[in-house]
Structures are given as structure tokens and as C-alpha cells.
Amino acid sequence: MELMKAGDVEEEEEEEVQQQQQHFHVLAVDDSLLERKVLEKLLTISSSCEVTCVESGDKALRYLGLLDDLDNFSSPFSPPRLSQQQEVKVNLIMTDYCMPGMSGYDLLKRLEGSYWKDIPVVVMSSENEPSRINMCLEEGAEEFLLKPLQLSDVKKLEPHLQKSLTRCSAEIKEQETVGFGIEIGIGIGITDSDVVDDGNNSDTNKNDNSDLKGDRS
């Protein structure tokens, strides 16, 4: 059995990290087209992740499948009903604080009370106001970054992306385990009707036993 050299191990680890980064998906929310392009460029340079940009909080909620849920008065904690057939997976949400209509803080609050509450949220602003920063952090924001963003700022987000990706992987494994259990149940012929029938059969057996006792007496 050949032993791997230290250089080969490091190379494999780097490839694994790059593959994981390619699975990262960031939702960027900013009303400025220039800011969106800058953020997208920084994210793709730093981690090679997929970036989806929208220009408002409402567009972000609609992309996440939350706006329709709220319009239809369904629970915000329910899995999002998406107009697209493909499932949306987001590992990080970055939003500007000052936007027309729904602010970044308002979006943060909507997300914290929804199905997406465990997804890391980063708030950005060009104004360094301690009260605003503390308010967002207390509401659950992972980071508050000051504009203009630098590459070093974006690199700070990698642990949050990795944490989110690990959580998503755990959820997928859990779903696969549940699905496997259901398949086993179906494979051995266990159905809901069988359970109901067993209950009815138990009642029938009780009646039969009582009839036998009556005959003996």
C-alpha cells in the first residue's frame, strides 16, 4: 500500500475545499446595480460560489418563496412553495441596510421568523452607526459590514458559508434516512390500512372470544 505524500494530501484537501465552495449559494440584496456587481465580483473571486442578485427585500422574499406564503396566510415556518420546479438552496444572505420600501433590517426580521431562520444573514451599510449595527446583530445578523466592501471582508464570511453548507448536508442525510425507512415499510407491505385493519381485527377477536365464553356457559 502506497503512502500519500504530504503534498498530495494538501492538494486533495484544496480540491475538496474548492468543490465545497462551488456548492455555496449567496443571495445578494441591494438596490444599487453597481453595488450588486461589486459584491458579486468579490464573492466569485474569494470563494467561486454561485451568486443570485436581487434589488429589493420584496424580490428576496419572493425568490425564497416567502412572499407568496404570506399572501396566502400560510405558516412562514412551512417549507417555501416555489413557482420554479427546482428547489432553491441558499447558504448565505447579504443585504444592504438602506433600501427603498423594505430595509435590510426589516428583511432580517422577516427571515428570522421564517423557514430560513437558520441561514446566516449579513447586513451591509455605508453608514457607521453603532445603534444600527447593534440593532441588526441583536436581531440575529451574523455580521455587519461597512461599505465599500473589500476582498478581506468577504473572506471573513467563509466560516458562515461552511457552517451553512454543513447544516444543509445534515438535513439532506436526514431526509434520505427518513425516505429509506419509508421504502423499507413499503417493501415489507406495511401500510396505514394494515394498521387500521389490525385494530379492527383486534376488536373482532375480542368479540369472538366473548361469544365463545357465552357458548361455554
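The chain as shown is numbered from 1 upward.
Even glycines carry a Cβ here, placed using N, Cα and C.
For 193-204, the entry in TrEMBL reads compositional bias 'Low complexity'.
Look at TrEMBL and you will find 205-217 tagged as compositional bias 'Basic and acidic residues'.
The domain 'Response regulatory' annotation in TrEMBL covers 25-162.
Annotation source TrEMBL lists 4-aspartylphosphate at D96. Taking the Cβ of D96 (4-aspartylphosphate) as reference, residues of its chain lying under 8 Å away and at least six apart in sequence are, in sequence order, V29, D30, D31, S32, E35, G104, V123, M124, S125.
Look at TrEMBL and you will find 193-217 tagged as region 'Disordered'.
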* Asked: When the pLDDT values for the domain 'Response regulatory' (25-162) are averaged, what is the result?
  -> 88
